[in-house]
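**Student:** Below: one structure in structure tokens.
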Amino acid sequence: MYSPQRKDFVSLTLGDQHSRSYTNGKHRRQSCWRKWKQLSRLQRSLILFLLAFLFICGILFYPSLTDFWIPSWRGAMIEAEQGTELQSTAHGKEGTVADDEEAAVDRVEVVQEAFRHAWKGYKAFAWGHDELKPISKTHGEWFGLGLTLIDALDTMWILGLKDEFAEARKWVETELSFSKNVDVNLFESTIRILGGLLSTYHLTGDTLFLDKAKDIGFRLMPAFKTPSKIPYSDVNIGKGTAHPPRWTTDSTVAEVTSIQLEFRELSRLTQDPQYQNAVEEVTRQVHRLEGKRDGLVPMFINTNSGKFTRRGAFTLGARADSYYEYLLKQWLQGGKKETELLEDYLQAIEGVKKNLLRQTSPSKLTFVGELSNGHLNPKMDHLVCFLPGTLALGAHNGLPADHMDLALQLMETCHQMYAQMETGLSPEIAHFNLQSNNGRDIDVKPADRHNLLRPETIESLFYMYRFTKDSKYRDWGWDILQSFNKYTRVPSGGYTSISNVRDPVYPSPRDKMESFFLGETLKYLFLLFSDDNELISLDKYVFNTEAHPLPIWPSTS
């Protein structure tokens, strides 16, 4: 078949004699129509389908995006909707600064309101699921075990939110089941689920939570059935099988050395030694392993050989951070009797000072860099901001006074990671300038500009205030809470992580509220602002790395 002949032509448009200007608008309309008619039927159908698809997407997504994004100057209006005036906590009726006691009470109430707002979104759009996606008003699933709800149980109890706690307890009693054919991460399940259940049991005395803790603890034990007794990273809690990730036989050092507080406590409560024996075997092996550098450990360990792999890289950030935290906290948990734990911790802090500490230019901020094959990379994860609080906790318990000096310096640096950002929120990773080349101490690469609502800086602010009573730490925490409310709060309920802390106009919401925002961030904010030092006394409890308080053992344990 031949296509029909096309006729050549010349198009001429004559303007009216009274017109002042020539226009070829009609010609353009005719040309567009001819081009459209020249397309095949299939091409026209595809274009129409695409336009219809884009139109439908616009209808679906435009309301949720506009619901989320409210310009920064209207931030206080969001709070007014919820019955909370952000500025009322910092100023009195006449605009003068309120006294400390009044400000503390008001700030506590703002944290409670923030939790209720986050809980409202979770209850409406993600009830019983792992994570809230507040902008799209739906949920995300990781293990299918209600992570956010379990992570938040002890937070609700500590904040005095009785109604919210009661409805969550009912879900745990009637809906929570670990008899599922699902792979879970050993570390995340231990710190969030096992830790959360144990903590809630201790705070409430309700054996429901202990029974659930026993169930999940027993189901996680297959992870330790490896040639080296270094646990696999993943466990199928329904089948009772475990395996490493698909791409490697390694586990991360932080993951296998940051489950000890929880399993040791489970053995103490159940009088079943298998849990404590399994995790303390890991501790013993890591203690005597070769490949450390002045007490610093590599990031990976092989589950077959039980030896460190990919040596030469040392960090206090991701994959290694909580190893150091749990050395100190296990020593405290056990009544300061296990000297090997203390020795490893002290040696590691000296290793940090010797190998990783540097100062920026021009402001001389102290930071903890990363070492790779002898070369220092001047970058620091936000995760490292757990360290000021841990150092302060050690100093409070009789460790060298210069640990507190270092804590003070690092706390200032972590504060600056927030204060120097346009949104007042820290990036996930900061790079520090060692030479004064642009007048800035901190640079942030585009891929590192996200904020996940993390708790580490607030955690350290809590410790620093408890031990020093310096009100600036409360003020810094208050600034962070205001920034969360201004840039991450979603009016329909919940808070969202953002992609760009350098853009206050549109910080690019990521549509995800991590469970640790309720489990850790808001809990530490509440404790920071509370005047009750006996509310989770640091002489009676240690917090696991997910902010779940576990008791320090009596001397008879």
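Cβ coordinates are placed from backbone N, Cα and C, and glycine is handled just like the others.
Quick paste from TrEMBL:
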- Glu188: active site, proton donor (ACT_SITE)
- Asp321: active site (ACT_SITE)
- Cys385-Cys414: disulfide bond (DISULFID)
- Glu428: active site, proton donor (ACT_SITE)
- Glu456: active site (ACT_SITE)
- Thr545: Ca(2+) binding site (BINDING)
**Student:** Work out how many Å separate Asp321 (active site) and Cys385 (disulfide bond) at their Cα atoms, rounded off.
**Tutor:** 10
**Student:** Could you check which of the active-site residues (Glu188, Glu428, Glu456) sits closest to Cys385 (disulfide bond), going Cα to Cα?
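**Tutor:** Closest candidate to Cys385 (disulfide bond), judged by Cα separation, is Glu456.
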**Student:** Within its own chain, what residues at least 6 apart in sequence put their Cβ under 8 Å from the Cβ of Cys414 (disulfide bond), listed in sequence order?
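**Tutor:** Correct list: His382, Cys385, Pro388, Ser426, Glu456, Thr457, Ser460.
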**Student:** Any idea what the Cα distance is from Thr545 (Ca(2+) binding site) over to Glu188 (active site, proton donor), rounded to a whole Å?
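**Tutor:** Roughly 10 Å, rounded to the nearest whole number.
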**Student:** Using Cβ atoms only, which residues of the same chain lie under 8 Å from Glu188 (active site, proton donor) while being at least 6 residues apart in sequence?
**Tutor:** Trp142, Phe143
**Student:** Around Glu428 (active site, proton donor), which residues of its chain at least 6 apart sit with Cβ under 8 Å of its Cβ?
**Tutor:** Asp381, His382, Asp448, Arg449, His450, Asn451, Leu452, Arg454
**Student:** Counting across all protein chains present, how many other Cβ atoms fall within 10 Å of the Cβ of Cys385 (disulfide bond)?
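**Tutor:** Taking every protein chain into account, the count is 30.
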**Student:** Quick one: give me the count of other CB atoms within 10 A of the CB of the residue listed as 'Ca(2+) binding site'.
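**Tutor:** Total other Cβ atoms inside 10 Å, all chains included: 25.
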